[in-house]
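Noted in Swiss-Prot for the protein shown:
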{"type": "COMPBIAS", "residues": "518-529", "note": "compositional bias 'Polar residues'"}
{"type": "DOMAIN", "residues": "391-426", "note": "domain 'EF-hand 1'"}
{"type": "REGION", "residues": "518-544", "note": "region 'Disordered'"}
{"type": "MOTIF", "residues": "146-151", "note": "motif 'HXXXXD motif'"}
{"type": "MOTIF", "residues": "220-223", "note": "motif 'EGTC motif'"}
{"type": "TOPO_DOM", "residues": "1-57", "note": "topological domain 'Cytoplasmic'"}
{"type": "TOPO_DOM", "residues": "79-544", "note": "topological domain 'Lumenal'"}
């Protein structure tokens, strides 16, 4: 009898190894209940429904209000420019020193008045709640949720504190001069040291004892639809100084202000807002939050505490989405997937699975190659089997079910990334690859023939007529598979890790099902693996 036939016979003696008796198969280790889906699946989309009656109202009001408001805004900007010029004349380009004396007093007073006048001319009715803290009480304002470019109204209400802005914005004619008048912290996208310099500048200003203006930061770093608070970036919390949370609400029947990655454009929102009779906005200044010693040393802890307080006051949940999710959304769209397919809650994924953005982006390319043929950008069991070049079998369904965390019959990108990291990568170690190769190499000649490859997979998957020629040719450079080819393929395709280790589980189950005296008998086959040694290596559990 050939070694391949012997291997198949051994697998066949395992309880439940036969087709149709999968209930007795050694079950794949169940995953831990973790990585719960976020309470808000996509905070970066806004779909405002405008009825026919409302459309007629917008058109009628727009005929009168739109040109008037555009002219008023332009006039106010022109009036503000001379004050901004007086404030910034002879100031160094990098704003190394604060604007002081009469220039600061006159220009701040004039610009605050003109700022309020501009938002009033746009139709905004502003309600202010709470007490604004002094620079000594709270050097930093943190405003959320950040949902629109109109959120600049918080800066006007707070007394024109400094803001963090891109360096390119300061070069825009007219607008750039007005921006420089509030002494912003400028961030450069081309300077590799920009992040470090920005943090150092924030620390310098917030610890100046009131010499510099207060700083207003939108810690979310991007706009959302106000349905939740996403991850707060730690920049505003690194100095370890007291901060004052600022809540922003837009309690209007028709939302014409929300500016997200999927929704109305800048021009469309301006036109819709200007065509409203009025737009309500509430700016609430919460009590100052003073960090304790632990929070001073851990800005992420301080940021999370402040975020939770703000979310509780707003009555909305928090999620671990961040700006990197927006970048993944754009990448998903470029790969012809639905944009929302790229959402993974990047903060949680990167922290728990130790993945950086480049790693997740690489997985998105892999995911797109599988899901591009399906509707909705999700992987079904058929696409899963086609990608693995294997038929739909009971073992494959078990593996698919482990990826499918919410049991909806499909795998989304978030589930795919978690599955690779938690289920496949722990089983894809050098040791496991070596053991798997030895099991496939039945005659122990250092190479796997197509007959050996087919026999072991047929036995482990319980599919006696399995055709693996396509998969074999993808791995092998010639008529057989060397260890280097096997290892290279396993590392590039961690999805196969569970398939390759299924046969190990079968052998383990077989050994433990034998009488004790047989279990203790030394095996003469050099390519058998010890159950005790393998017990840990096949686990797909991972602490969260």
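A Cβ is built for glycine as well, from the same backbone N, Cα and C atoms used for every other residue.
Same-chain neighbours of the motif 'HXXXXD motif' (146-151): 119, 122, 124, 218, 220-226, 248, 250, 257-260, 266, 269, 273, 281, counting only residues six or more beyond its ends whose CB sits under 8 Å from a CB of the stretch.
Taken through DSSP, the motif 'HXXXXD motif' (146-151) splits into 3 helix, 0 strand, 3 coil. Helix, strand and coil counts from DSSP across the motif 'EGTC motif' (220-223) read 0 helix, 0 strand, 4 coil.
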